[in-house]
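As written in TrEMBL, here are the features:
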| type | residues | note |
| --- | --- | --- |
| DOMAIN | 39-508 | domain 'Major facilitator superfamily (MFS) profile' |
| TRANSMEM | 42-64 | transmembrane segment |
| TRANSMEM | 76-96 | transmembrane segment |
| TRANSMEM | 108-125 | transmembrane segment |
| TRANSMEM | 137-157 | transmembrane segment |
| TRANSMEM | 178-195 | transmembrane segment |
| TRANSMEM | 215-233 | transmembrane segment |
| TRANSMEM | 268-287 | transmembrane segment |
| TRANSMEM | 307-328 | transmembrane segment |
| TRANSMEM | 340-359 | transmembrane segment |
| TRANSMEM | 420-442 | transmembrane segment |
| TRANSMEM | 454-478 | transmembrane segment |
| TRANSMEM | 484-504 | transmembrane segment |
Amino acid sequence: MASLEAKAEQEPLLSDSLPGSREWDIIETEEHYKSRWRSIRILYLTMFLSSVGFSIVMMSIWPYLQKIDQTADASFLGWVIASFSLGQMVASPIFGLWSNYRPRKEPLIVSTLISVGANCLYAYVHVPASHNKYYMLVARGLVGFGAGNVAVIRSYIAGATSLQERTSSMANTSACQALGFILGPVFQTCFALIGEKGVTWDTIKLQINMYTAPVLLGAFLGILNIILILTILREHRVDDSGRQCKNVNFEEASTDEIQVPQGSIDQVAVVASNVLFFVILFIFALFETIVTPLTMDMYAWTREQAVLYDGIILAALGVEAVIIFMGVKLLSKKIGERAILLGGLIVVWAGFFILLPWGNQFPKIQWEDLHNNSIPNTTFGEIIITLWKSPREDHNEGPTGCPIEQAWCLYTPMIHLAQFLTSAVLIGIGYPSCNVMSYTLYSKILGPKPQGVYMGWLTASGSAARILGPVFISQVYTSWGPRWAFSLVCGMVVLTITLLGVVYKRLIAYSIRHGRSQE
């Protein structure tokens, strides 16, 4: 059995188990233990790189799209942004099914190769004489398709960890994902120093500039990731107690392995977990979308101020999320995952309740450029544009404040800055808590059986939420204002808490449900 000293050496920052915490009687050699955790940490890296691939170009998509194709408009930008989630939604169940019946190296390598190819395509979307915007649409969709390997990553980690290790490893996975979202825009900012012109490699018609350098870096990191998967990743599977299980993915037979226990999965708990996860991601996606329009309307911020201040706020929320991911690992040992999920939803509800407008102070009205009193049919893409539009494009920032075209600006009180910041902090606490707990509970409900397909559906539901959330909030906020928008969100969270209360006793581990271990 691996010594406690060897185990302690395994966990500096991302500790996945505590020395002496494995209270079950199992035999695991030190070599097997080290191999198992090396493989898991390679998948932490894969998750991080997948997140970076999504976020590293987010701040430059709009200006690059305008540069390569003058026919691209705000509506098309919305499709380009949504194509990533659409691709991931389609790919997740496919890769998940694949991983159930074949070694998981296969879908991981193929998905990463797709992402590498998609990034290279993105770097060449300027080359065709026409229809460049469609090439960008396909490139981003394929990057999302490659990111469908998230289902494989989470199913592998769920299958390669015991119940006691599960919460910690899932928290680490989510932390790596969040870190990728944070650092992606940072990398993009560094590449902005190259400028729009950059350098051109005429032989292969490759332009290396502020738009293409990030994706070329992503392609390079993808190739490096494939090498690491080929050389280090090994198939490991353990049951809820930590004993090795034999399954179709296993590469090496061992007399110590046991068969996967038989028993049915609680399908009600599975469906409820998917619904809970959809709502959690739906709510955070709409919050991210509405931050910039809300602050520009309420505080009369210019585009430059909105991009700067909101960028700082979202970056701070990302750092807060990483801290929360680490904190819930310890808290879950004391009060359990279900209690943290419930508490997280209550905190999210409080965050949106605080956002409701009150008082008799109204936002500054933007009277300029008034043509009529009709409410515009604002698209998702048009709202997203405010995140990319550089103030250098127009030295005259134009009118600021709440546009008179949005009729609610005349009678809806403003949301005070203290309200907004308090709300952001609360949502920044509640969302990561709910996110990691929903993944952890879901993996425990599924038990030791292959989880690829089930994780695929969970990832697909999250992708659908990231598509529908921004569309929902853009329409409701523009037409009816923040009071209706955030009231509806509060009502949605109350219904979600009610659903959690109904299924609370069913959200238990597979082995506990079948009486093989105690809660």
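Cβ from N, Cα, C; glycine included.
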Could you check if the transmembrane segment (42-64) is in contact with the transmembrane segment (307-328), meaning 3+ Cβ pairs under 8 Å among residue pairs at least 6 apart in sequence?
no
Counting Cβ pairs closer than 8 Å, which of 215-233, 340-359, 454-478, 484-504 has the most of them with the transmembrane segment (76-96)?
454-478
Which stretch, 215-233, 268-287, 307-328, 454-478, tops the Cβ pairs under 8 Å count with the transmembrane segment (420-442)?
307-328
Are there at least 3 C-beta pairs under 8 angstroms linking the transmembrane segment (215-233) and the transmembrane segment (108-125), leaving out pairs fewer than 6 apart in sequence?
yes
Among 268-287, 307-328, 340-359, which stretch has the most Cβ pairs under 8 Å to the transmembrane segment (454-478)?
268-287
Could you give the residue numbers and ranges of same-chain residues that sit at least 6 residues beyond the transmembrane segment (307-328) on either side and whose C-beta is under 8 angstroms from one of its C-beta atoms?
167, 171-172, 174-175, 178-179, 181-182, 185, 288, 291-292, 295, 301, 340, 386-387, 389, 391, 421, 424-425, 427-429, 431-433, 436-437
